[in-house]
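Student: Handing you a structure now.
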Amino acid sequence: MNNINQDYIEKYIGELLPRPIPFIQELEEYAQKHNVPIVQPEVAQLLTLILKIQKSKNILEVGTAIGYSAIVFSKAMGEDSHILTIERDPEMVSLAKENIKKSGLEDKIEVLEGQAEDIFPKIDGAFDCIFLDAAKGHYMDFISKSLKLLKKDGLLISDNVLFRGMVATDALVKRRKITIVKRMRKYLEYISNHPQLHTSIIPIGDGVALSIKKE
Ligand SMILES: C[S@@+](CC[C@H](N)C(=O)[O-])C[C@H]1O[C@@H](n2cnc3c(N)ncnc32)[C@H](O)[C@@H]1O
């Protein structure tokens, strides 16, 4: 129970999801066995649907881990698409590269190794979508550059924004998580009220915020 949805709802929705292709399933099993936090399958299903509706062709991702979300998004976007993804943990970087190669997506997904705080300022371009899925306490560090890098009508996706329900109520906040929770609340207030963004916070998975850049 992650304090966001009832277990029976998650279980029911999970059972309705299409069976993942064998390699995607292998990645999910690896992540579970080795405690690697990856985007939940029902969240991946929602996000790939939105990427298809939006006709996204290029994504900037912060937080690659084993490459699961990048591979799932890349397959959803199809030909002529590109993902730039940032990861600071060298072990994750080599696992991600291996998995991307096994998926035959080396020409579509580029992994940049390092702290996103250092790499972000050096990135140029115009992205259809930016996916923030790294250290939860640091999303504010990426928002102003993200706004510059997003195209008009581009999509900003922020994952884990309800953080096991703690962000929504003090009653659930663990003492050692107070700083992260305070930072995430500040971030959600910022993206909910920013004049350039139209934001919706969705209680699915660990909480996902979807924001469209209006101008
Ligand atoms: C939740 S996991 C990413 C999961 C991945 N997006 C997926 O769904 O398959 C977060 C990853 O972000 C990385 N990370 C956290 N903070 C970071 C930072 N400041 N810069 C770069 N990587 C970071 C962690 O090492 C971790 O592998």
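Glycine too: its Cβ is placed from the backbone N, Cα and C atoms.
Caution: TrEMBL annotation is automatic and unverified by curators.
As annotated by TrEMBL, S-adenosyl-L-methionine binding site applies to Val39, Ser69, Glu87, Asp133. What TrEMBL records for Asp133, Asp159, Asn160 is Mg(2+) binding site.
Would you situate these features in the structure and describe their surroundings?
Tutor: Counted within 10 Å of its Cβ, the other Cβ atoms near Val39 (S-adenosyl-L-methionine binding site) come to 25, all protein chains included.
Within the same chain, residues at least 6 positions away in sequence whose Cβ sits under 8 Å from that of Asn160 (Mg(2+) binding site) are Asp133, Lys136, Gly205, Asp206, Gly207. The secondary structure of Asn160 (Mg(2+) binding site), as reduced to three states from DSSP, is coil rather than helix or strand.
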Student: From the binding-site residues listed here (Val39, Ser69, Asp133, Asn160), select those whose CB sits under 6 A from an atom of ligand 1.
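Tutor: Within range of ligand 1: Val39, Ser69, Asp133.
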Student: Distance between Val39 (S-adenosyl-L-methionine binding site) and Asp159 (Mg(2+) binding site) at the Cα atoms, whole Å?
Tutor: 8
Student: Return only the integer: C-alpha distance in Å from Asp159 (Mg(2+) binding site) to Glu87 (S-adenosyl-L-methionine binding site).
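Tutor: Rounded to the nearest whole number, the Cα-Cα distance is 16 Å.
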Student: Ten-angstrom check, please: count other Cβ atoms within 10 Å of the Cβ of Asp133 (S-adenosyl-L-methionine binding site), all chains counted.
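Tutor: So the number of other Cβ atoms within 10 Å of Asp133 (S-adenosyl-L-methionine binding site) is 23.
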Student: Starting from the Cβ centroid of Val39, Ser69, Glu87, Asp133, which together make up the recorded S-adenosyl-L-methionine site, report each further residue of the same chain whose Cβ lies within 8 Å of that point, ordered by sequence.
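Tutor: Near the S-adenosyl-L-methionine site, the remaining chain residues are Ile38, Glu61, Gly63, Thr64, Ala65, Tyr68, Ala70, Thr85, Phe131, Ala134, Asp159.
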